[in-house]
Amino acid sequence: MNPMSIKGYLLSSNKYSDFKFNVPPEAPVFEPTDEDFENPLQYIDRIRPEAEKCGICKIRPPPEWQPPFAMDIDNFKFTPRVQKLNELEAKTRIRLNFLDQIAKFWELQGSRLSIPLVEGRILDLYSLYHLVKREGGSFTVTRERKWNCIAMQMGLSPGRSSCSALKSHYDQILFPYYVFQSNKVKLEKKHERSSMARNDNKRGKCSGTTKVPKTKKKTSLDIDPLAKYICINCHRGDIEESMLLCDGCDDSYHTFCLIPPLNQIPKGDWRCPKCLAKEVSKPVEAFGFTQAQREYTLQEFGEMADKFKTKYFSMPVHCVPTEVVEKEFWRIVSTLDADITVEYGADLHSVDHGSGFPTKYSINITEDPEFEKYIASPWNLNNLPVLPGSVFSFINADISGMKIPWMYVGMCFATFCWHNEDHWSYSINYLHWGEPKTWYGVPGEKAEDFEKAMKKAAPELFENHPDLLHQLTTIMNPNVLMQAGVPVYRTDQQAGEFIVTFPRAYHAGFNQGYNFAEAVNFAPGDWIQIGRECIGNYSTLRRYCVFSHDELVCRMANDCENIDPKLAAAAYMDMINMAEIEKNLRHTVLTWGITDSENVFFELLPDDERQCEICKTTCYLSAVYCRCDPTKSVCLLHYKSLCCCPSRRHVLRYRYSLDELPIMLQKLKLKAEFWNVWMTKVQEMIDTHETIDADTLKRLIAEAKEKSFPQSELITSLSMLLSNYEYHKKILKTYRCREPMKRTEFSGYVISVALPTASQRTTFSKVPLSNSNLLQR
């Protein structure tokens, strides 16, 4: 790779050859057959035991499945996000934040920070500051001759020149800041003690035990106009040529009375230690992406993206190996002086722009049967979230990004940061066309280990922003996570391939070049349990919910006629716990003394009017408000935190009475058990009979229809068997002149089936039998 310059940044394969990146192991890849590909939810459930262990997996559709790109290219315009790459990585951002603090410190001191070079590299002031601090301070490091050790820890060659340079730069740039921080802590403790003393005096005054002496009120004649020219530290007004007047509060200080003292009068504005502490102590603003200054068409963005990658790597875009781009990406985000900025068309709503998949609303829709096939395809991401067997089919609202796909237009190095999906749901991403996406995934069962590793590696970021991982603005090198014991897997998604992420699995990645992808969430029955756990986690973190989990489960219970039996079983198990917890909570608040209640249809209220004031959860089954402020309410877990009013002023709002919940539970139970009984009949029939007559088939199909079982592979197969029987019966009637066939001969058609294994059987549902549509004589 030839050295080249981009935005003032030099890239050289020789200069940065010492950067190492250990490639994580590959995530599993699945290639379904045409038969497997008919039902995405069933197929994903089948591969889940293996794929879930890695957090992510890749699915390659059958070769003939190639949906046309249905976007209205001519009218598609978007404004991308701007990403400065080295601000994305957690450790690098900590260093950049530290440099901002140092720069602000010197700027308020009337000086400008200039970062020095040591051995041809920009000095890492963050590491130098913390290494010296860890070793006991500069005096200890100098006395015990540890500068050589400091240099080695910073990757510098041990020697007198490096040690002298480090000591000199520390003394000039970092030592004054260290002294300032130490004094700031002392001032804060002193202020805290004085504040506590004032509070004690106030309490004493209120109780009548302490007399506060009266002080004479100052008049304008008592104020000395020359007082502000007296040094705050030494209380002298002489040596005026060394006197500094603070540009913030007008206090005066001698340059030699400051800690550390100043050698000369600053040229610019100057702040005293109190004003400096106030400014430097301001919390760091939350990092976020800015929007680009211009709008792009797909063609314009593609031209920009290809030009960037070609110039960066000095070769055609499709000639750059993916492993080269991957290593360079992680080098860039780990480098302080890598001033690389890219743009990413992320989270583009298909409602606003249309979908890349064909839909009945597509502008360029045709009457081609192939086009119609993809409109109805269950793998079309507009259909997949609401398929029979998906929990999200019971959510009425069109939640953008969860039920409604989002689209992504990428370029080389454009990044999607570490996150897991809202409500810990599944997600699926399809790459319509373009260069690959590189993905990294962590298994959902290791999510807490991942969070601990992130917080340990970047504690400063999480102290200021505990919800950092929910902001989707932070990445961390997978090697750092792997060294902390967190399993990380990777994969490259090519055009025409799906990536599936599993519940609670953290994932991140970047784009290898110009491409177009589409993604959406979905939730099969197995998600319900972990979705419930997620609500508890959100409550602890005080994070807003996208929808009410309780409301979703109750909708499933009230719509039992259309629910999949397997979903009914999962919803039933969740609702048992939900009803028991609700019963206990209501008993607690009633025991506390709440006497008034009112029935409320929570689903008709806007979400912001039914959120708990404390934990931000979206209430549905119940809530408590006080008559002192009816606009505020809390969930039953936080009824005592609402206000200080007595319990009799509080009112319980409820959606269902405790008598209604068991009725809803019974509906789910019957649905699941009916399916179980019906499946048992079919299985016993197959296990104990070599033949199944037409009357039995009719009874089984009629029972399935009567009990509103959703269409499944097994019911379809039984219907095909009956249809074949009727077809052959019709043929036989055309041969009346011949001797009629005996019923025992005609009934000798046998169902050939593949029975489920013991591990596939569940309490309330059976795995649909496969290959049961074969009719043999």
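Cβ atoms are placed via backbone N, Cα and C, with glycine included.
No curator has checked TrEMBL annotations; they are predicted automatically.
Pulled from TrEMBL, these are the features on record:
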COMPBIAS  190-203  compositional bias 'Basic and acidic residues'
DOMAIN    27-68  domain 'JmjN'
DOMAIN    92-182  domain 'ARID'
DOMAIN    228-278  domain 'PHD-type'
DOMAIN    373-539  domain 'JmjC'
REGION    190-213  region 'Disordered'
Quiz item: What average pLDDT does the predicted model assign to the domain 'PHD-type' (228-278)?
Solution: 77
Quiz item: Sequence gap of 6 or more, Cβ distance under 8 Å, 3 or more pairs: do the domain 'JmjN' (27-68) and the domain 'JmjC' (373-539) meet that?
Solution: yes
Self-check item: DSSP-assigned states of the domain 'ARID' (92-182) in counts, ordered helix, strand, coil
Solution: 63 helix, 4 strand, 24 coil
Quiz item: Reported in the order helix, strand, coil, what are the DSSP residue counts of the domain 'PHD-type' (228-278)?
Solution: 14 helix, 7 strand, 30 coil
Quiz item: Can you count helix, strand and coil residues in the domain 'JmjN' (27-68) using DSSP?
Solution: 18 helix, 6 strand, 18 coil
